[in-house]
Amino acid sequence: MSSVTIVGAGLGGLMLARVLAVHGITAVIYEADASAGSRTQGGMLDIHEQDGQRALAMAGLKDEFRALVHVGGQASRVLRRDGTVLFDQPDDGSGGRPEVLRGALRRILIESLPAGTIRWGRKVIEIVPLGEGMHRLIFADGSTATANLLVGADGAWSKVRPLLSDARPAYVGTTFVETYLSDADSRHPATAAAVGSGALFAVEAGKGIFAHREPHGVLHAYIALSRPARWIEDIDFADASTARTRLVAEFAGWAPALTALITDGDTAPMLRMIHSLPNDHRWKRLPGLTLIGDAAHLMPPAGDGANLALLDGAELGEALAAQPDSVETALAAFEDRMFKRSTETAREAHRVLGLCLGERAPNSLIEFLSGALNA
Ligand SMILES: Cc1cc2nc3c(=O)[nH]c(=O)nc-3n(C[C@H](O)[C@H](O)[C@H](O)COP(=O)(O)OP(=O)(O)OC[C@H]3O[C@@H](n4cnc5c(N)ncnc54)[C@H](O)[C@@H]3O)c2cc1C
């Protein structure tokens with residue numbers, strides 16, 4: 001089998017290239033970012049046994065992954081708007097969802113690849129089908145490349161997806177705004193204490209503050225608001241101070257230890273409007289072409305997207321390695337499994353978002369977290 005061409009060096013594309021390399025198959029990844037460090041890759045990811053950890057085992061990177069785990073990170077608590085703790089689950093080390101920094105996980109994947117696999121600064125702007133499963137990629141810098149087997153691992157706004165599907169991501173009606181507080185234990189002790197050692201959820205119908213402690217005293221938060229797109233677009237996020245004032249006004253009466261996650265950020269608040277593809281997104285098989293990760297199944301963040309991207313990459317790599325002379329059969333079998341898995345997970349992701357921010361929050365979230373503990 002000839003080299004596999006991957007667009008996107010996110011977790012999905014990197015995992016695919018790694019598993020292919022483990023099986024002696026070469027791959028090239030074209031990535032829009034100029035270098036591995038050109039964009040912050042913040043955020044803790046909980047890596048699940050059934051998908052993310054399975055993928056890392058298939059990639060032969062289990063030990064490297066274990067060395068990254070943030071001890072204490074699996075703790076979770078739910079707070080009322082006045083800061084009262086309603087639910088508190090410490091991390092006793094027995095949970096199956098160890099937390100790691102996304103940037104650190106991405107780095108072990110990058111470092112595991114043969115030199116030259118990733119072509120940085122190559123943003124795909126157009127893809128031209130050449131027939132017989134071949135495609136020409138045209139990059140923003142004017143260069144081109146030809147792919148015998150093309151995998152779109154290029155995330156929510158994939159350039160590869162339109163070759164296979166007319167589906168476009170739709171706004172789900174909820175927006176996250178991302179903030180960071182550094183040196184929190186000394187500079188923001190009340191907020192650091194409120195967040196605890198792992199994850200904090202302070203939620204009500206239509207609004208909430210999700211925060212997580214990262215290594216080195218960093219608090220990373222998502223301020224969630226269920227609002228129409230027009231309402232969000234009316235806020236000028238280029239003006240950080242005005243954006244903070246608009247956001248915190250939605251949390252009037254909340255404990256200052258919580259609203260500090262909106263007002264005291266060290267970085268400008270970053271807008272993340274949440275989009276999703278239809279839960280049952282799929283496509284008719286076309287030769288020489290497939291999608292993995294968010295490009296295939298974008299869903300609201302409920303702790304699964306990165307895990308699915310990792311498993312997609314690993315399973316596609318193994319499927320191709322198992323049938324190097326029957327690529328189309330391998331792709332069809334892989335897609336079939338991926339479609340079933342992603343439809344179920346996407347439904348659950350919408351449900352979990354509803355439990356966090358729906359009419360019965362925070363009770364619905366507490367029942368969900370308690371149920372997960374007792375399961
Ligand atoms: C606010 C938020 C919080 C989240 N939290 C979690 C969580 O806690 N746990 C979890 O499991 N998931 C989480 N997710 C989901 C997770 O981030 C994604 O599902 C995951 O990153 C998908 O990986 P991917 O490799 O498919 O795509 P991406 O990570 O999006 O990677 C795509 C890559 O393709 C590159 N690219 C894009 N277009 C081009 C182009 N035209 N040419 C070349 N390169 C291109 C991009 O630069 C990028 O490097 C969250 C998502 C959001 C929005």
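Including glycine, each Cβ sits where the backbone N, Cα and C put it.
Curation plays no part in TrEMBL annotations; they are all automatic predictions.
The domain 'FAD-binding' annotation in TrEMBL covers 3-323.
Annotated NADPH binding site per TrEMBL: R39, in sequence order. In the three-state DSSP classification, R39 (NADPH binding site) falls within coil.
Sequence annotations record features per position, and here TrEMBL assigns FAD binding site to D46, R102, D294. Annotation note: D46 (FAD binding site) sits in a strand segment as assigned by DSSP.
Of the listed binding-site residues, namely R39, R102, the sparsest CB environment within 10 A is found at R39. Of all the binding-site residues given, namely D46, D294, the one with the smallest number of surrounding CB atoms inside 10 A is D46. In this entry, FAD is bound by D46, R102, D294, whose most widely separated C-alpha atoms sit 17 angstrom apart. When the alpha carbons of R39 (NADPH binding site) and D46 (FAD binding site) are compared, the span between them is 21 angstrom. Mean per-residue pLDDT, taken over the domain 'FAD-binding' (3-323), amounts to 96.
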